[in-house]
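Presented below is the structure to which this report refers.
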Number of protein chains: 2
Amino acid sequence: MGEFELIRNFFAAAPCAQGGEGVALGIGDDCALLAVPPGEQLAISTDTLVAGVHFADPCDPFLLGQRSLAVAVSDLAAMGAAPIAFTLALTLPTVTTDWLGAFARGLNLMAQNCGVALVGGDTTRGPLSLTMTVFGRVPAGLALTRSGAQPGDLLCVGGELGNGAGALPLVLGQRMAEAAIADPLRAHYWSPQPQLGLGMALRGKATAALDISDGLLADCGHIALASKVGVQVERSKLPLSKALLAFLGQSGAEQAALSGGDDYVLAFTLPPAELPSLLADGWPIHVLGRVVAGQGVTLLDADGHDITPPIRGYQHFRETP
Amino acid sequence: MGEFELIRNFFAAAPCAQGGEGVALGIGDDCALLAVPPGEQLAISTDTLVAGVHFADPCDPFLLGQRSLAVAVSDLAAMGAAPIAFTLALTLPTVTTDWLGAFARGLNLMAQNCGVALVGGDTTRGPLSLTMTVFGRVPAGLALTRSGAQPGDLLCVGGELGNGAGALPLVLGQRMAEAAIADPLRAHYWSPQPQLGLGMALRGKATAALDISDGLLADCGHIALASKVGVQVERSKLPLSKALLAFLGQSGAEQAALSGGDDYVLAFTLPPAELPSLLADGWPIHVLGRVVAGQGVTLLDADGHDITPPIRGYQHFRETP
């Protein structure tokens with residue numbers, strides 16, 4: 001048995017590969033089989049992370065396993081899908097038991113956290129990279145797409161912005177900070193929490209949604225383009241964490257929130273009448289703008305002046321400050 | 001817009017990305033959506049191909065696109081699934097329009113051939129590799145797994161063996177041959193034809209099935225292990241092509257057929273009573289052995305003597321002759 005076959009057996013034995021609701025057949029055959037209840041559709045998303053491009057090389061394999069899966073599952077949240085399963089294509093230059101064990105522990109933890117089962121994949125030799133494909137289910141017609149925003153809708157997000165991008169200088173070892181600042185920022189970066197519950201709660205309510213990966217302004221641009229509307233963002237309403245403000249100051253924190261990316265918080269558009277019941281249910285929703293007729297994204301200051309910067313999304317960590 | 005965003009738009013505009021039966025939402029949102037008819041399950045398989053490991057670098061991008069998808073879709077055939085869609089995670093060191101255009105043409109051709117729509121993926125910068133995840137549907141309970149073979153079943157394959165592995169010295173430029181020999185072997189290597197029709201015809205008939213990628217003996221070992229049976233292969237019954245025999249001689253052709261891999265022909269076990277109707281329907285089925293009580297794979301010569309070699313599957317092209 002070759003070492004890569006050993007790895008396949010290793011993953012097949014992992015706790016997250018022991019099946020789950022909706023998994024009719026897991027690892028070990030030519031295909032996995034998923035059951036999709038009548039009236040529901042299967043949601044699918046694929047993400048690739050390359051060493052030296054999307055994450056530092058070397059990096060902590062536990063944290064890498066945890067974060068990679070969270071980033072992928074966040075796309076299910078953005079669609080309002082209930083998570084089912086994922087596949088992992090892992091390419092490794094060399095096989096070390098320590099690395100694999102730590103990676104699998106991080107993966108297992110996040111898989112348990114998100115309720116997804118590992119159902120297949122491939123393990124190959126080559127430069128370190130990972131491709132994860134995630135699967136969820138959503139009632140037909142209720143998936144949250146990017147294309148339904150209407151003038152008059154509110155622009156909302158599901159949590160604080162900028163923490164992921166703000167953490168980057170800490171993650172890359174370029175800056176230091178006291179634990180009270182560094183710990184929450186690092187935690188957000190390495191262990192983002194896909195907003196699966198919020199996504200499902202928004203079914204039939206939000207008119208458009210996505211998860212913020214490129215940066216608020218760039219991602220609002222995706223909604224504006226797909227929905228053929230304009231989106232106005234009010235800078236004074238950005239939800240910023242104490243840790244981010246302490247670390248970067250007001251202006252730096254705003255910059256991270258607007259253009260930094262890596263938030264994996266949902267951004268969505270909502271008819272105003274839908275807001276009260278969602279807030280009453282306790283969902284952490286921040287209103288930071290609105291949808292208007294027109295096109296593109298406009299950033300407004302507290303006086304309503306247009307202060308839109310050139311929009312430039314997240315372009316992999318090497319190119320960010 | 002960055003060059004990788006341009007690539008995403010390029011693939012979104014490809015003919016194979018324009019939807020198909022079962023595709024409720026294609027490229028462009030956080031997730032794609034597939035519709036699975038009531039009573040059916042979704043079959044999923046993932047394959048990674050790394051430059052310099054699974055294919056020569058550089059290689060013809062048209063042929064790479066064609067072959068990569070065929071290899072992935074072959075797993076749907078092995079499961080008896082009807083093809084629906086695929087995702088493509090493509091990692092590229094540099095972006096050249098010529099390379100991408102040729103790759104996409106090969107991909108489109110095979111996608112059309114197999115009836116699969118491109119519904120998503122990711123394009124990233126890094127060392128050249130591809131991960132394809134393919135999706136099909138199969139009535140619940142009728143998927144062809146590896147685990148149902150019974151003593152008394154016939155061991156069958158769906159076509160000639162050894163052509164893929166036999167072609168390798170030609171593909172790598174290590175040997176030359178006249179066109180009458182080289183052309184059919186090269187065609188088999190670069191454009192394997194997933195046996196989707198045969199796979200579906202075997203639903204409810206074959207007791208176990210897979211597609212031969214590791215080599216006949218190694219893959220029969222997978223069936224033996226999963227089904228807890230023994231498998232006997234008769235060397236004299238191996239279906240060998242004229243081109244392969246002319247190129248490698250009897251012994252070399254047998255070796256390629258037994259251990260070469262890269263065939264992407266179905267191997268399956270069949271109760272004898274099921275054979276006549278399948279043959280009457282014109283399926284190209286070769287009987288080359290049988291399932292027995294016991295374990296493992298045994299190779300028999302024409303006199304019934306055990307001539308089993310140490311079984312060693314295909315281990316990427318660099319390690320084959």
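Each position is counted from 1, following the chain as shown.
Cβ atoms are placed via backbone N, Cα and C, with glycine included.
Binding site for Mg(2+) 4 per TrEMBL: A:D30, A:D75, plus A:S45 from the candidate set A:S45, A:S129.
When the record's ATP-binding residues A:G121, A:D122, A:R146, A:S213 are compared pairwise by CA position, the greatest distance found is 31 Å. Listed binding-site residues A:D122, A:R146, A:D214 compared with chain B at a CB cut-off under 8 A give A:D122, A:R146 as the close ones. The highest number of surrounding Cβ atoms within 10 Å, among the binding-site residues A:D75, A:D214, is found at A:D75. Within 10 Å (C-alpha to C-alpha) of A:D262 (substrate binding site) lie the following binding-site residues from A:D30, A:D47, A:D75, A:S213, A:D214: A:S213, A:D214. Annotation: no binding-site residues among A:D30, A:R146, A:D211 have CA atoms within 10 angstroms of the CA of A:T46 (Mg(2+) 1 binding site). As a whole-number mean, the pLDDT of the domain 'PurM-like C-terminal' (A:150-299) in this prediction is 96.
In the three-state DSSP classification, A:D75 (Mg(2+) 4 binding site) falls within a helix.
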